[in-house]
Every structure is written in C-alpha cells, then in structure tokens.
Amino acid sequence: MTSCSSPAADEEGMGIKGGRSLLTTESEGSCLLDVLANRHSKWGGRLRGDFLLNGNHTKPNKVAARAAYVQQDVNFCPDMSVRQTLLLHSFFRSSGDVTRVREVKARINGLINDLGLEQVRHTRVKDLTLSERRRLNVACHLLLETDLVLLDQPTRGMDIFDTFFLVEYLRQWACRGRIVILTIQPPTYEIFTMISRVALISTGRLMYFGRRREMLPYFAFIEYPCPAYKNPSDYYLDLVTLDDLSAEAMLESSQRVEMLAETFRRRQEALSDPGPPGPMPPKVRKENLCLQLLGLWIRAMIYQFPYNMMNWLGMTLVAGVLSVVVGAVYWDVRSSSAQHQESVNNRAAFHYVMASVAVWPVLLMAISEVWRDKPAVARDVADGLYSKGIYIITKTFYSFLAAGGTFLAYILPAYFMAGFPTAEKFYIYVGYMLLYLYAIRAIAIAASCVFDSRHAAAMTSGFILTVATLGAGFTVHPMDVSAWAWPTLWWSPVRWLLHEVEHIEFQHTNEFLCDRNPVLQDSLSAIQRKAPCGVVTGAQALRFLGLLEPNLPDHYYPAIFLLAAYLCSQLVTVIAFIASKKPNRTKKYRTE
C-alpha cells in the first residue's frame, strides 16, 4: 500500500498523512485493505487487533463507516455517462459533514476537471478506456470527502504518465490533512519518491514500516543495501518474495524472509502516544431503503435512457419477427367456424410451437440481459450503494411492463395471422399466454441468477423447458409417457397452458368436416365407400390429444398453477441473487 503526504509534514515529523505497502502478492494488499474497510468477514474468521482513530479506540465497522474504499472493480453501469455515474453515487452516498455536502454538482465538476475526465464527461462508461475508468472510480469515492481514503491498485493497467498523474493528485489530496493508503504495482523510482511512508509485507508479516526516506538506510544497516541504479521498489520486493522455482530456492528465500521479519520486529520503534482522544471524523451517509428504490428507478428510467429503450425495442422486434414467422407457417389455419378434421393437428401444433419452440430466442435475450447487468450490480453492492434484495425487487417491478410489451409483440401477430377469432376467446387466450410467458421467463431469470455463466443458465433453462415440453402431451401422448416421467404431466407449465387453450379451441366445436377423406374400394367387391371420419367433434379432438380429463371445480385452475410457478421462480430469483457471489470475469478495455 502506498500513502502520500505533504513534504513539509514528512520533514517535520508531524505524523502520517498517508501510507503505502509493498506486497509480494496482490491478495495480501487486498486483504489488508479489506481489514481496514471491514470487508474481511468470512465464516469462521476472526479479526484481532486495536484500531485507533484520532486517539479513539474504536471497532472496525466504525472505521469503515468513515472511510472511502476504492476497490479494483471498475464494472460501472455501461449505459450511463461519467457525469451521471458521479451523480448517482452522490445520491446513494454522501459525506456525513453537512458543510461538505453542499454544492454537489460543483464538486462533481471539479473532480471531472481535476482527474482529466472533462473530454469524456458525457461519454458512456462502456466506451471509456481502462485509465478513464480507474480515474472515474477514484472520483466516485473522493466525492465522499472522507478523512481516510483506501485504494486497492488504483493504477493497475495504466501507463506511466497516467500513473504519475493519479499518484500526484492523491499526494496533493493527502496534503489537505487526509490519510491516503493505497496498494500499487512496483512503481518507478520517480513515483516511489512521491511516497511518504512505506510498509513492506511478505507472507503476512512486516519486513519494514516507516518513512520512505529511511527505508534505504535501514536495509543498508542490516546489510541489504540497494545496488546503484536499481529501483528500490523492485529490488526489495524481489528480496522478500518466496522463490518456488526449486526446493533449495524456496528454503533459502523463506529463511531470508523469516530473518528480515524477525529483525524488523526487534528494531521497530514503538508507536507514538496518540495523545488525548480527538473528535471522530464524520460518517459516510447512506440512503434508506425508500431512497435506494427511488435511485434505482432514476437510474433505470432516466440515466439509462435511450439505451434501455433501444434494448427493449430490440427484444420486442425479435419477438415480433418470431411471431410473424410462426403466423406465416400456420397462416389461416382456422379461418372459419366450420373446420376440417385434418386441421386439428395443425391447430394444436400452433399452440405447442408458440409455447415451447419459438419463444426460445426471447428467453435467451432475457438471460443475456441479467448476465450483462451482474458485474455492475455486484460492484455497486460491494461499494455499499444499495443491497441485492432492493435491486432485484426493483428490477422485477420496473421490468414487468416492458416484458409485457415484448410478450404482446410475440403473441398478437401470430394469433391473427393464423385466423383465430377476436371475440371473448381471444382475451382468455392472451391472458393465459401472458401468464405462461411470465412464468417461463421467471424460470430463465432464476437460472441466470443461480449460475454466473450464461451458458450454464441457458442449458439449465433449456433442460427444464424440454422436460416440461415432453410432459405437455403433444410430442409424446400422455398415455405413452413412462411411469417415471408421469409427474411431468402435473407440474409442466406447458401442459397447463395447452390444456386450457386447447379446451378453449376445441370444446365448443360440434362437428369437423371430413368431406376430403379418400374413397376406398373393397377388394372383394366393387363397393366403394368413403373413409370414416376419425375426429368428428371437439370432444373427440381433445380425447385424441389426451386432454379430455375433466376440469377441477375451479375452471381456471391452470392459471393458479401458472401463477404459482411464476411466484416460486421469483422467490428462487431473489434468494439466488442475494446468495450469489461476485462474478469472476475479466474484461478487456481500450488503452488508448
């Protein structure tokens, strides 16, 4: 970790303005900052130590409540601009000092100018370079105006010029009477000289902690001088890093690390007396649940516009095209009330295709949307902007109407092109289809919340829908379903839907025409007779499809089952999303 302080304070010994640690592994640096920011908690873990803040013995959570922690994750919401991202962060969290909260927009404009983001002020985060994202991440936390700033690898992936610029800015920030602690990749000698205090850590133990200007004399005194023209950061990191290339090298390096740690333990100076307790810095203020809901609505409806509308129009267009294709295949399959028996299979197949085949691209797009949003949500949650539960509940509500519009674009063109009536049966059909589509969409979203991989989510959703489709009674007749697969006839949402819509379709048909049946001639006589009509009434059609079982007392019991499937899937979504871990994904950013 690296800290920055003013040169004057460093020369006069006026205390720490900041600190930096050189660590042999990134995990050690992140772990140390996690402890300071109270993000260390794990099952069975325990933290021991003393926390002193302005001379006050305090708990880790009270220190974390007064610190700004800049983590490495820069997965911001991709459809928001730089200024909108800063505005949203200032809405969810702000300084607890009333005098520092004023003129939020002015401070945002100042940070944008100071950190070199003026040219990309209104640029989508998706189009920023990695360096610009890093600086935006720092700006979001400096908005809090805290007296303690923790930064985990804020210059990772940045070139030497941007690194120098950011470290210099943080040094000036520390000169204002604040503490800045950061981890950093081995810096150049010029950047190393900008550091006030250094902590060198290996295997979780201190190799050195003190002023940067005293680091080289200390190691020279214990007979490990830095060679001429050698960067001290590189040399001493190599010195305390375990060498695992061979057993002999590992033994030699581990003994050296143990000796350096023990030497520093004996020689380190005792901590100075903090003096009488002073006032605690102000806490970071977080918004309550109601304002978190409002902030998420603002982000979804205002800050992400028009990209959210474009995404919705794209999904709706795909759904409409699929509907038109299905309608063209089953064009005018039911053009009048008098129907031929040969149309029974086509009419049943239309409902089957709409329920289980053509809907797949729409479900895959819903899975991809959840998968795309996961990294940004995980970053915001880790930053303490809002909770996972609040996000998924808000997301469910504000996406409900949008999903309904997409589903209507999927249902209506195919229904009218197939020649179905527009009377009372139409509204019942649309109601059942909407309820069914919401239910299977909830299943797909639940799978995408359970799995971080969208391929695993798609495969799981596909498996569930395939099994449910096999139990629908169309591809395999209900009488031919084996005993072990018989329960699918009762839990399959596809069967619940087909049971009801095909009852609506056939149960009031008194007669199917069969005038186009072929004429057969008896081989033993010259008598010719017409082939018998196999399916004459709607009841026979339902029996042929295996759907003639009587309705339960409540005529709309399939709707109850579909609603139960939707609610259960939503419950699984909420639980899985809350319990999910931070997605482990690597992204490539522009470096120019």
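A Cβ is built for glycine as well, from the same backbone N, Cα and C atoms used for every other residue.
Here is what TrEMBL says about this protein:
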type     : residues : note
DOMAIN   : 30-155   : domain 'ABC transporter'
DOMAIN   : 293-506  : domain 'ABC-2 type transporter transmembrane'
TRANSMEM : 309-330  : transmembrane segment
TRANSMEM : 350-371  : transmembrane segment
TRANSMEM : 397-420  : transmembrane segment
TRANSMEM : 426-451  : transmembrane segment
TRANSMEM : 463-486  : transmembrane segment
TRANSMEM : 556-580  : transmembrane segment
In the domain 'ABC transporter' (30-155), averaged pLDDT is 86
Q. Any chance the transmembrane segment (309-330) and the transmembrane segment (556-580) have 3 or more Cβ pairs under 8 A, given the pairs are 6 or more apart in sequence?
A. no
With the cut-off at Cβ under 8 Å and a gap of six or more residues from its ends, the chain residues touching the transmembrane segment (350-371) are 311, 314-315, 318-319, 322-323, 325-326, 329-330, 333, 403, 406, 410-411, 414, 418, 433, 436-437, 440-441, 444-445, 447-449, 452, 454, 457-458, 461-462, 465, 468-469, 472, 474-475, 494, 497-498, 501-502, 505
Sequence-distant residues near the transmembrane segment (397-420) by C-beta distance (under 8 Å, 6 or more away from its ends) are 296-297, 300-301, 312, 315-317, 319-320, 322-324, 326-328, 330-335, 350, 354, 358-359, 362, 366, 426, 429-430, 433-434, 437-438, 441
